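According to TrEMBL, the features are:
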DOMAIN    80-527  domain 'Cation/H+ exchanger transmembrane'
SIGNAL    1-40  signal peptide
TRANSMEM  70-87  transmembrane segment
TRANSMEM  99-116  transmembrane segment
TRANSMEM  175-192  transmembrane segment
TRANSMEM  204-230  transmembrane segment
TRANSMEM  319-344  transmembrane segment
TRANSMEM  356-385  transmembrane segment
TRANSMEM  406-427  transmembrane segment
TRANSMEM  433-452  transmembrane segment
TRANSMEM  473-492  transmembrane segment
TRANSMEM  498-522  transmembrane segment
Amino acid sequence: MWVLFWLQAAMLSEMRVTGSRCRCLLLAVSLPVSISLCRAQSPQETDSAMENIVTEKKAEESHRQDSADLLIFIMLLTLTILTIWLFKHRRFRFLHETGLAMIYGLIVGVILRYGVHVPRDVSNVTMSCHVNASPATLLVNVSNRFYEYTLKGEIRGDDVQDNEMLRKVTFDPEVFFNILLPPIIFHAGYSLKRRHFFRNMGSILAYAFMGTVVSCFFIGLLMYGCVVLMKYLQQLDGEFFFTDCLFFGAIVSATDPVTVLAIFNELQVDVDLYALLFGESVLNDAVALVLSSSIVAYQPEGDNSHTFEVMAMLKSFGVFLGVFSGSFALGVVTGVVTALISFFTKLRDFQLLETALFFLMSWSTFLLAEACGFTGVVAVLFCGITQAHYTFNNLSPESQDRTKQLFELLNFLAENFIFSYMGLTLFTFHSHVFNPMFIVGAFIAVFLGRAANIYPLSFLLNLGRRNKIRSNFQHMMMFAGLRGAMTFALAIRDTATYARQMMFSTTLLIVFFTVWVCGGGTTQMLSCQRIRVGVDSDQDNSRRSTKQESAWLFRIWYNFDHNYLKPILTHSGPPLTATLPPCCGPLARFLTSPQAFENEGPLKDDDSDLILTDGEINLSYGDITVSTDATGAHSAFPSAGGAGAATSDDLDKELAYGDHELVMRGTRLVLPMDDSEPSITELQPHIRM
């Protein structure tokens, strides 16, 4: 450094002929240069600066690559939407949008696999570091500087220099569970048609719980026999235990007939068939997830973790009940808390805040359940049902429309993204294991397991149903057992072992076949089975006999919910002053909102369809029975046990002051036990008398 200063002094002495201004400028320029030259002499600082530059360049390149990867999926969804419009415009029903998304994903996967090759940089790969395990997090000491690395998965020796693009388009499985699945499951519960769902509640629960368990063990036993045969023929390259077979039976028992239900909705297929399929698919996804978790939790004592033990089996059964019950309770509690917040605050005056709170509370249910060790799918499903039943009535009309449209949009995008990724994964996943014998055995087991679910349970259910599940309905339900997003998400969540990799590859083929073949043949199957289409659910009176088979249970629930829970949690329903005893008057007035006294009472209640009729609610006011349908139209006729006929003036007075009568008298539910109900034209002469 002193040498540099001496050189500067010599240069200045030789340039005395120049002016003072030039000397000052030279000094000002040369001094920073000398200091920078002095600093550049440190090799550690030079290496650090170069390392920072390289790191910034790599980060910029990684950002560009990630943007290109996301752009691929955005283009896939865009193409899918445009093709859907074309199909709807031309009235093509042989392929659903999910099937289209899978086809586009396959095409892009082929292009990325064989057309685009971005080799991985292996110049800094160290092949000689040996450890006894694969830690989730690795700290590396490089010149006394520690770097943290996270485990992404196993890479085979011949895949070290594989396509970098294929690695980039492979997502973390947790992305599906924490980001893509919650809106799909919540939308299923939030958009549930509760009228038809509760009308067939017993059958839906039987298919969802008993049927899924039967299907799981049936498929597991058949696949275990297939695995034993494969071992005998030396067709297995790794270990495959009975618990793996049961796990495979659990994940492929989750049905997702989104294609069939879309066609059902478009063609207006029989509402009971639609309710049975939709209700089963909504609940059995949750049951299959909890069942698979219970199978993974099966841990017998001793060194061999794959032997049969009664205590371990009972423990797994207890885990199943505990996880499902806890998730159910957590989802309901979160929905009730959201209803109370919207009930006791005036968020409805600020629609944006109201919608944002609703969205965050709904999504946090999934994450809260997962953080507590429960199942987020079950929690968010029942949270959606609770939100639709209670919180929806407290929202402003703008927020009601916003929440419906928001979750419908998120469901559409997430579902099509998953199906696009399915097609892409067939060519981008590195650890596929395709075994022809296992694949054939899996297809046979899946269809036989579906048959073991539908036909025996339908026979048992028909013993107690007045409205029988006909044979053509059973064949359609058997045919409509498609596999979809939940099956794929469960299969891709763990692909660490040879058995899980084989199950994942086989699951992909099963999803492709059921979506394309079974989903594409829905219209032909409906025609073959002669199932009615074009059915108006609000005017279909031929199905009202189903209310008789479940009225004994839901009459109790509806009366309790309508008279006590709805007034406490919502602004709809009768005031508590009309339903609670007189001694509870102060408490009733405190818990009842002012809107409950001002609204139109139960006639305006959107959830009155839980009475299990086709959208009608009958309320008795003295000798007059007032009936309203889903559109809000009123009709009235004398009660069967009335003391006399009502005049038109009396009827007008009852309709005009019906709300005040509700406050004074309360409500009484009327459920006719016969299918024949008088029409309005037949009742007019009696009303005018």
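Here the Cβ of each residue, glycine as well, is placed from N, Cα and C on the backbone.
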- Under 8 Å, at least 3 Cβ pairs, sequence separation 6 or more: does that hold for the transmembrane segment (406-427) versus the transmembrane segment (175-192)? yes
- Item | Outside the transmembrane segment (70-87), six or more residues from its ends: residues with CB under 8 Å to it | 93, 95, 97, 100-101, 104-105, 108, 169, 413, 416-417, 420-421
- Message: Do any residues, 6 or more residues outside the transmembrane segment (473-492), come within under 8 Å Cβ-to-Cβ of it, and if so which ones?
- Response: 98, 173, 176-177, 180-181, 184, 250-252, 254-260, 270, 272-273, 276-277, 280, 285, 288-289, 292, 377, 415, 418-419, 422, 425, 446, 450-451, 453-455, 458, 500, 503-504, 507-508, 510-511, 514-515, 518-519, 521-522, 525-526, 529, 531
- Task: Take a look at 175-192, 204-230, 356-385 and tell me which one has the most Cβ pairs under 8 Å to the transmembrane segment (433-452).
- Result: 204-230
- Note on the structure: Other same-chain positions with a Cβ less than 8 Å from the transmembrane segment (356-385) and lying at least 6 residues past its termini are 177-178, 181-183, 185-190, 192, 194, 282-283, 285-286, 289-290, 293, 323-324, 326-328, 330-332, 334-335, 337-338, 341-342, 347, 391, 395, 399, 403, 406-407, 486
